[in-house]
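Everything below concerns the one structure shown next.
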Amino acid sequence: MDYVAQQAMNALSFGAEYALLALGLAIVFSIMGLVNFAHGEIIAVGGYTMVAMAALALSNPLIVIGAAVLAAVAGSMLLERVAFRPVRYADPTTGLLTAFGVSIVLQNLFLLLVSPRPIAVTSLYFLDWPVDLGAIRVSSLQLFEALTTAVVIVALMLFLRRTVLGLAMRAASLDFEMVRLSGIRANRVFAMAFAISGLLAGIACVFIMARRGSVDPHLGFDPVLKAFVACVVGGFGSLPGAVLGGFLLGAVEVAMLVMLPQSLGGMTDAFVFGIIAMVLIWRPDGILSPPVEKGDKI
Amino acid sequence: MLNVTDLRVYHGPIEAVHGITFQVKPGQCVSLLGPNGAGKTSTLSAITGIARATGTIAFDGTDMGGLPVEARMRRGLAISPEGRRVFANLTVSENLRLGAAMRPEGQAERIARWFDTFPILGERRDQQAGTLSGGEQQMLAIARALMSEPRILLLDEPSLGLAPRIVAQIFAMIETLRQQGMTILLVEQNATQALRLSDYAYLLNNGRIVAEGTAGTLGQSDALMAELTGIG
Amino acid sequence: MTLSRAQRRGIVGAALLALILIAIGLAATWFGSRYQLRLVYGAYVNLLVVLALQVFMGNARVTNLSHSAFMGIGAYAAAICVTPEKIKAISLPDAPWGLNAFALDPVSSALIALVLTGLVAWLVGVFIVRLTGIGATIVSLAVLVIVHGLFLYRTDIFKGNQAFFGIPQLFNLTWVVGLAVLVVFITRGFRESRWGVALRASADDEVGAAAMGVDIHRLRLMAWVLSGVLLAVAGIAYAYYLGTISARPFYFNHVFLTLAMLILGGMRTVTGAVLGTFLISFGLEWVRWLETGPVVLGIDLPEALGLSGIVLGGVIVLTMALRPGGLMGDREIEDLILK
C-alpha cells in the first residue's frame, strides 16, 4: 500500500512537471497554431542563466531562481519578436518547421558560445531533501513541484478569466481576426502568450535544474518531447487538455517504470510512445481537443 | 466623417471592387445595398484594414491607409461583421468585456444597461456565446461593438439568416441607435428594411456603384427595384 | 497509353534531372579524391531519402518525421540478410530466430528489405493516413522514437549504437547514381500520375475531395508506402556502401538534415528535392571546413563547433520566413526551360 502511495506521489510530481511544460506549448499553439519546439531551449536558457549567476558568485537562491525565470520570459518574448513574427499568420506546418529550425540554431549556439559539455548547477540542491508523509517517503522537490503547478494553474485560470488580455487570448484561439477588430493589439496578445509560455518554462526549469544539477546544450530536447506528447494526448491547443495530458503521461511513465520487467528498462520511452500512439488512434484529435466553431449561425 | 475615394479592393490577385467613392456624414445612416458578391463586405473589409486595398479611406479627415487593423478600430470604428463572429468560447459577459477593451471605464454600467435593453442577453450572461441562437448572437455582436463607444458603427448583413420577427427586432434596435445620433454604415441584402432606416444609400453591383441617392428616391425608382430584385 | 501534357513534361523534367545527376557522378569519379567520393556518395544517399520524403510530404502536404526510421529498417534488414554467417557469429552471437545462421545474396537481401519495410510502412500507414495534419506528424514522431528504441534495445539483433559490421561493400558511386536516376523517374512519375495529381488536389480539402469521390486515405497510403519502400532503397544503398551501420544515424539529426534539404529546395517538386539536397550537402561540407578553424586569406579562424547546426537551423528558419515554398516553389526543372 505504501509502495502504491509512493508511486502515486511519483506520478503526481512527474505529471505536474509535464503539465507545466505542456501548458507552455499549448498556450502558444492555441493562439497561433505554432508548435513551439524551441520551448525546450527556453528551459536551457534558464539553466545557463543559473550558471551565469554562479559565475557571478550570486548564490542567493531567490536571485538564482528569479534570474532564471526572468531570462526564460525574456528569451521567449525575444524569440517571438525575432523568429516567429514573420510566420505569425502562416499555416501550422510552416510554423512547426520554423520552430524546429530555431531549436537547432539555439542548441548549436549554446554549443558554440558556451560549451558542448554539461555544466554543473549546484545552487538549487538545497531544495531537495527527503520528507516523511506518514508512512511514505517523498522528496521535498516533488511536493514543491506539485504545489507550484497547482498554484500556477489557478493563477493562469484567473488571468484568462479576469483580465482583458486573458479574455483576448482565449478568444484569439478561435477567431484572432475578430480580436483585432475589437481594437486589441495583436502584438500584445502574442507577446503575452510567449511571456506566459516563458514563465512556465522558467518555473519548470527550476525544478529540472534542482533535480539534474547540470545544464548542457541538448537539455531541452527531452522536456519538449514530453510536453509535445502530453499536449497531443490531451488535445493540442486545449489548456485543460495539456494539463490532463501531462498528468496522464506522468502516470503512464511511472506505471511503465514500475510494471516493466528489469530487462525491458531501456524501452520505457518506446513503450510510452507506443501507448501514446494507441491513444491517438482511439482519439485522433486528442482527448479534450478544442472546438472549431467560430460562433456564427449561418 | 468617413470619406472613401476610388476604392479598389483585392482578394489575392483578384480585384473585387473597382474604384468606388462614397461618404458617410456624422449622424447619418448610410446603406450599401446590392446582391451577393457585389463587393459590399469587401468594402467593409477594406475600411477595417483586413483586405488589401488602394484608394483613400479618410476618417475624420485623416487617411487611414497604412494603419493596421487595431489602430483603425481604435480611431473610433466598431464592426458587427458578417456572420456575427461572437467569441463562441467566451460567455456573453466576457464577450461584452472584450468589446469594452478600448473603453474600460464604466463598462460595468454599460453592460448592465445592455442587459436592461435586452433582457435575453442578461438571462444568458454566463452562457457560452456559441450556444446562443442566431438572433441573440446578432444582438450580442452589436452590443459588443457598441461597448467601445465608437464614432461610427459598421454593420455587415445583420439580418442574414434570421427569422423575420427577429429581423424586425434587430432593425428596431438599429433605428433606436440612429435616433440617438450614432453614425452607421449598413451593408444589407434586405433592401426594403435598410432603405427604411437610411438617410442615403448606394447600390453596388459587380464591384461598382450603379446607383445612389436618398432612401426616398431610390425606394421609388422602378428601375432600381428591378435591379435589386431581378424582376421587371 | 496516352500521356497528359503534364506527364510528358514530367518525363522531360526527370530526364533533365537524370542528366544532372549523372554529370555530377561522372565529375566526382574522374576528379574527386577518395574523401570527396564518399561525400558525394553520401549526398546521393540523402537524395534518395529526400526524394522518398518528397513523395509523401510534397503530395500529401503532411510533415513526416519518421523517414530516417524506415531507412534504418531497410538498412538493417538488408544488412542482417546479406552479412556472411562467419561474421554474424562474431557480431551477433545471441541473435534469435537463427538470424546469424544464414546469409543470402545481395539481391535477395535487398528484396527482403524492401518487402519488409513496405510491410511495416503499410501497417503504420493504415493508421497515420486517417489522422489530421498535426496528428499524423506526431504519430510519425512516435514511430521514429519507437523504432530507434527498438534498434537500441534489441542489441542481439541490431547491436544498438555499436557498429554492425561486416556488410559486403558492393556498391560504388555508379550504383547509387543509377538508383538515384531510377528514383527520380519514379517520384516524378508518381507526382504526375493520376494518383499523385488527385492527392495534391485534395491535400488541402478533404471534404471537397471526398465529395468528388476521391478516397484520400487510399491515396495517402499509396504515397506513404511508396515513400517507405524508397526509404528502404536508401537504407540498402547506405549499408551496401559503408559496410557498417549503427542506430545513431537513423534518428533526429538525420531527420532534421533531410527535412532541411527538402524545405530549402521546395517540397512540392522533385526538382526542389534534388536542388535542396545538393545545396545543403555541399554547403554543409564547406561550413564544416569552416568549423575546424582553417586559415583563410592568411587569417587563422577560430574553431567553431556548432556552426553547421546553426547554418542548418538558419536555413530552415529563413526559408520558412522568406520563401515557404522553397527555392523551386511549384516549378519543376522543365518549367524553367520549356514554356
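Cβ from N, Cα, C; glycine included.
As written in TrEMBL, here are the features:
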type     : residues  : note
TRANSMEM : C:12-33   : transmembrane segment
TRANSMEM : C:39-57   : transmembrane segment
TRANSMEM : C:110-128 : transmembrane segment
TRANSMEM : C:134-153 : transmembrane segment
TRANSMEM : C:165-186 : transmembrane segment
TRANSMEM : C:221-243 : transmembrane segment
TRANSMEM : C:255-284 : transmembrane segment
TRANSMEM : C:304-322 : transmembrane segment
Might you confirm whether the transmembrane segment (C:39-57) is in contact with the transmembrane segment (C:255-284), defined here as three or more C-beta pairs under 8 A between residues 6 or more apart in sequence?
-> yes
Maximum Cβ pairs under 8 Å to the transmembrane segment (C:12-33) among C:39-57, C:110-128, C:134-153, C:221-243, C:304-322 is reached by C:39-57
One stretch in C:110-128, C:165-186, C:221-243, C:304-322 has more Cβ pairs under 8 Å to the transmembrane segment (C:134-153) than the rest, namely C:110-128
The recorded stretch from C:39-57, C:165-186, C:221-243, C:304-322 sharing the largest number of CB pairs under 8 A with the transmembrane segment (C:110-128) is C:221-243
Best-packed against the transmembrane segment (C:39-57), counting Cβ pairs under 8 Å over C:165-186, C:221-243, C:304-322, is stretch C:221-243
